[in-house]
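So the structure is just underneath, and the comments pick up after that.
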């Protein structure tokens, strides 16, 4: 926005129109949604407020705060790290730099787990690599009778996950968050379902990701070796020691990995019952059973 008009009052509508145009020029998409989310965050209001009060002027302090967010967004900082929020499963989760931003495609993994856990009286579920906790917390919302354990190697991620659970379930919850690599915290335990959205990006694919992802999201939550299969190899092999008879292993995959992970499952005594596609028609979730 122009800086040579220090005394001018900008209304919500005017500043939105300018920002949308600016984001389009800088190839920030979706331009309108990004502008609205950042302005609503600046004003500590919801997006509906922007429409109902479109002729409301911003204070100088609000304008300066908004300009700072615009600058950071254009420099590549993801919107979710600027607002420290991301919606998932119709809930608002806290996110922070150093913790992977949840993607909507992961909701297919949650749906698959709910479908298989609902018939069980008191299912025991493990969420391996929980990150910000979106999978475990979404499952708890839909399956309050389930006993859910969620692990992550990152203490920073677990702190965010715990905060999300406490915020979304202020009266308490049945999720145990534990630190450790894959199944390390679960010695001697067995589960009806094991779910995971592990790192699955190959070295080559990672080099082709947007600068925004490479420079801001944690590589340890994305990278999985030359073929993107390193974590799957450990997860699929080790899960057999922690699943009950006829139990399930469900995990998210990259859209080109179905054949490779199916083969890994078969080599480790798992039967792949289903490969679930996302709304774009791409392979997204593998459901395997012992």
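Backbone N, Cα and C define each Cβ position, glycine as well.
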Checking TrEMBL, the member of 152, 181 that binds S-adenosyl-L-methionine with 129, 130, 131, 132, 133, 197 is 152
Measuring Cα to Cα, tell me the gap between residue 132 (S-adenosyl-L-methionine binding site) and residue 198 (substrate binding site) in whole angstrom.
-> 13
Out of the binding-site residues 198, 199, 200, give me the one sitting nearest to residue 129 (S-adenosyl-L-methionine binding site) by CA distance.
-> 198
Report the member of 131, 133, 198, 199 (the binding-site residues) whose C-beta atom has the most other C-beta atoms within 10 angstroms.
-> 133
Pairwise CA distance, residue 198 (substrate binding site) versus residue 152 (S-adenosyl-L-methionine binding site), rounded so that it is a whole Å = 10
Once DSSP output is merged into helix, strand and coil, residue 132 (S-adenosyl-L-methionine binding site) belongs to coil
